[in-house]
Number of protein chains: 2
Amino acid sequence: MSTTPLTLNDCRARDAADTLHPLRELFDIPEGVIYLDGNSLGVMPKTAAARAAEVVTQEWGQGLIRSWNTAGWFNLPQRLGNRIAPLIGADADEVVATDSTSINLFKVLSAALSIAAQDAPERKLIVSERSNFPTDLYIAEGLCKERGYTLKLVEPEEIAAALTADVAVLMLTHVNYRTGAMHDMPAVTAAAHAAGALMVWDLAHSAGAVPVTLKASGADFSVGCGYKYLNGGPGAPAFVWVHPKHADRFWQPLAGWWGHAAPFAFTPDYQPAPGITRYLCGTQPIVSMSLLGCGLEGFEAAEKLGGMAALRAKSLALTDLFIQLVEERCQGYGLGLATPRDHAQRGSQVCLTREHAAGGALGSGAFAIVQALIARGVIGDYRAGDGGIHKDILRFGFTPLYIGFEDVWNAVEHLRQVLETGEWQKPEFNQKHAVT
Amino acid sequence: MSTTPLTLNDCRARDAADTLHPLRELFDIPEGVIYLDGNSLGVMPKTAAARAAEVVTQEWGQGLIRSWNTAGWFNLPQRLGNRIAPLIGADADEVVATDSTSINLFKVLSAALSIAAQDAPERKLIVSERSNFPTDLYIAEGLCKERGYTLKLVEPEEIAAALTADVAVLMLTHVNYRTGAMHDMPAVTAAAHAAGALMVWDLAHSAGAVPVTLKASGADFSVGCGYKYLNGGPGAPAFVWVHPKHADRFWQPLAGWWGHAAPFAFTPDYQPAPGITRYLCGTQPIVSMSLLGCGLEGFEAAEKLGGMAALRAKSLALTDLFIQLVEERCQGYGLGLATPRDHAQRGSQVCLTREHAAGGALGSGAFAIVQALIARGVIGDYRAGDGGIHKDILRFGFTPLYIGFEDVWNAVEHLRQVLETGEWQKPEFNQKHAVT
């Protein structure tokens, strides 16, 4: 920790010196909002409104069915996939944008189990983290029931010991959604392979947030999200990557027309297209999918300014600053740090814990503090604990494309005021919504 | 057939007398286009552009993550489902809009096989039509491989005989995409049940085109498309219906967070939501999904003018007229009729065949005739035959919401000119695109 407390002016000076700072001008950030929830839904690129109008009124309205050819709808999943590939350490023609992360995880996990069933039929476990994103566990649970496998859930520090001779697949999310803790992708992938298991990575909280090295790490399968750090818009299609050595080996069971080798021959028998195209299934939501392209423009603009390496350096500087300011300015309010201090283990978010005792009759108060911050325009989010080792979490995402150092100062200042004034104890901040 | 040939003025008089004719003002139809491909991609409702702008700039841009609550994203699948329900003979809270038709078919076919495995494990066949929409067959083929079933494909007239004691599921598309022939939903469903099989209906070419009576027919499962007759925009999410007696009985294997009983509790174990909500999986493309609502407004406006019964009467009048005019005005060019003349067996499209011999060295010429028509602004589509009993098809969809009787006259007049002048033989109309 620094011995001289930081000031607002220090933060402004950092923005002035930040060569990435002008990139925020590519985005529309609502007046009066400090948006620290880009890990849940990224902000809107300024080009999105015009692109939506073009797709709706021109491509749909005027082009109609002809736009499959004239507007390039037919290879849009591949074109977007090729733009995502450099962000995740994949090569051209190895990625498609399509469907949701959950659906894509079903596809790759099905394929992984098919490979395992052939190469190592005695292996009957899928290992994952207990605090992996729940939908990933639900998909795995469903497939385990279908295929006669067992899903074994462990804490992060137990993963190495869990890689026994009966493990078929290790399935992990690269950056944990609750804590922001990041796995060492090359090391964990190597450990899985050394144990004879296949490695599936979910990049929901890392694509666009941290450098990802799928191919260099030797990973087998991966999926990721289009609407978090990639800024593709609400529910933007997800993406899927399969190592080329596996891509042609099996069908995935969601075999639809768009993954067929000759989709317009309308033959009754399924013949999977070569490569990653066989991971497509049915017709895609073209308007939402087109907007994902606007989100990717931000990364293409960043490319000239140092690309993901520069974004990563700024992300770490932002999260370091947030941790430092919280510790300097919000002492004595029962906050703890869930996110690792070690840069090598940190994604692009900082998660604070709060002890239940600190909130008295209001539980941990974590939910209410987040609501009070949102009312002040500082948007983060809350994730409930389980009453055990997983505590209530205040979660703040720092997207280096559009968050600056002064934003961090102001966010912490609001947090300090919410805690100091006891504002979070107001009844209106303690009413839980359907969705939080 | 009428003995007095129809005239353009007769057709104009019919438009003038048609109480549904003003509904076309709800849609933006490109200048100079007669759009007979609403069975492939419906035209744009005029409200779509403003709605897209609102969802993108306000709900996403300004509301950001808060829009899950404030813009009602969280129950959008159910709200849209409840608007689709009356079009398909379902009740409230029995339908959700989500994912693609292919993905939804996987869900319901999985559930149907789970029921069959429990109630009648000796039944190991899925029966369908050989000329069912291919993607439906691919999904069934994949599931058969997974679960140890066999997919048996028959011609429509062979279905009754194919309903033997080893059939678990009869899976049909209500209106055939190639011929426009429509099954008798109550009778076929009753026959399936009498034979001990479950009945799965794909409504891709019937929802919004013909009255559908899922519940009255006693059907078990159904899926359908949002972007054809429902005018929801390119790749708009599809929908899924499950009879309430089955809905709570099994998980479907695409178990994601949105189908969970408590989606924001983030528990590691999957607990399916009650009813149709468990057929949701991952995060949906909100922009594309919102535009589906614009498509449904057309049907809500038609409700005051007689609803689906009135739309059906007009649809039959349009297709009758098209058949009559083609037979009166395009004789001697080798055209045949693939669509049934019997109203009870006809959807909302007319499919013409052309013999290979009629096109000489250019094959049947069906592809080129369609291209020549498109160049004139008459947009239908072509579906290749198989060289056997399934001939090359010229396909024309008639959407009663926005197609009028004069459109039918003009379309046939263009067809007549294309045939009479031999214009279709030009080389540019014989170049096949990637997508047709």
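Cβ atoms are placed via backbone N, Cα and C, with glycine included.
The pyridoxal 5'-phosphate binding site feature in TrEMBL is assigned to B:Thr101, B:Ser102, B:Phe133, B:Pro134, B:Thr135, B:Asp136, B:Thr173, B:Asp202, B:His205, B:Tyr227, B:Trp257, B:Thr283. In the three-state DSSP assignment, the secondary structure recorded for B:Thr101 (pyridoxal 5'-phosphate binding site) is helix. Listed in sequence order, B:Thr135, B:Asp202, B:Ala204, B:Val223, B:Gly224, B:Cys225, B:Ala238 are the same-chain residues at least 6 apart in sequence whose CB falls under 8 Å from the CB of B:Thr101 (pyridoxal 5'-phosphate binding site).
In sequence order, B:Gly38, B:Asn39, B:Ser40, B:Leu41, B:Gly42, B:Ala204, B:His205, B:Ala207, B:Gly208, B:Ala209 make up the list of same-chain residues 6 or more apart from B:Lys228 (N6-(pyridoxal phosphate)lysine) whose Cβ falls under 8 Å from its Cβ. DSSP classifies B:Lys228 (N6-(pyridoxal phosphate)lysine) as coil under the three-state reduction. As annotated by TrEMBL, N6-(pyridoxal phosphate)lysine applies to B:Lys228.
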Recorded positions (B:Thr101, B:Thr173, B:His205, B:Lys228, B:Trp257) in Cβ proximity to chain A, threshold under 8 Å: B:Thr101, B:Trp257
Three-class DSSP secondary structure - B:Thr135 (pyridoxal 5'-phosphate binding site): helix
Neighbour tally for B:Phe133 (pyridoxal 5'-phosphate binding site), based on other Cβ positions within 10 Å of its Cβ: 23
Coarse DSSP state, helix versus strand versus coil, of B:Trp257 (pyridoxal 5'-phosphate binding site): helix
DSSP three-state assignment for B:His205 (pyridoxal 5'-phosphate binding site): coil
Residues that sit under 8 angstroms from B:Thr173 (pyridoxal 5'-phosphate binding site) by C-beta distance, when 6+ apart in the chain: B:Glu129, B:Asn132, B:Phe133, B:Asp136, B:Trp201, B:Asp202, B:Leu203, B:Ala204, B:His205
Those residues of the chain, 6+ apart, with a Cβ under 8 Å from that of B:Trp257 (pyridoxal 5'-phosphate binding site): B:Pro263, B:Gly282, B:Thr283
